[in-house]
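Asks: Sharing a structure with you now.
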Amino acid sequence: MSGVYARCHLAGVRIFEIFLAHGLFLACYNLLNIASMLTIYFTFYWTPRGSVWLSYVLLNVEGLSGIVLGLLIVVVTDSVTQCTSFLIVYIIAMFSFTGYIWPVEAVWPPIKPLSYILFPNTLISEAYRAVEWKSANILHPEVVQAILYSAAFVGVHCVILWLLIRKKASFTST
């Protein structure tokens, strides 16, 4: 992969443009992946009680927050080993504290606020369950809170990512 990056850099493509293209590709892939997954899921396995489009939006917001976090980790770490190690720990913590393995209500009370602060998919999964089980609409408090917090999470991480890319680009372009 470093050869591709070096050729792009020599051709005059800036590092920000490379990350932007990579992020746009991942976002489009996420849109198609969620659409195909929901089509199969709602066709063969489950009859939706809530809005299919709201489920689609919630899952795409969750995917976008994961994409931005992944790109941020790639920029922060210096090697593949560091990146992999950090993401393994993050994913284990995410599965443990966001309601994927057991309910959020079962998380140890002092750690429970961290699951809402560090992992935006905690609120997304609760909002998704509200849409599917309670037929919540987009104005339901859980859904609004999940979308706003995830959008803020993505926005803050995009700003941090942009600043780090500018800093790293200024060090590498001599």
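Any Cβ shown, glycine's included, is placed from N, Cα and C.
For reference, TrEMBL lists these features for the protein:
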- 3-132: domain 'ABC-2 type transporter transmembrane' (DOMAIN)
- 24-47: transmembrane segment (TRANSMEM)
- 53-76: transmembrane segment (TRANSMEM)
- 83-102: transmembrane segment (TRANSMEM)
- 146-165: transmembrane segment (TRANSMEM)
Asks: Would you confirm whether the transmembrane segment (146-165) and the transmembrane segment (53-76) meet the contact rule of 3 or more C-beta pairs below 8 angstroms, pairs 6 or more apart in sequence?
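Replies: Counting Cβ pairs under 8 Å, at least 3, so yes.
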Asks: Which residues, given as numbers and ranges, are at least 6 beyond the ends of the transmembrane segment (83-102) yet have a Cβ under 8 Å from it?
Replies: 70, 73-74, 77, 111-112, 114-115, 118-119, 121-122, 125-126
Asks: Write out how many residues of the domain 'ABC-2 type transporter transmembrane' (3-132) are helix, how many strand and how many coil, based on DSSP.
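Replies: Grouping H, G, I as helix and E, B as strand yields 104 helix, 0 strand, 26 coil.
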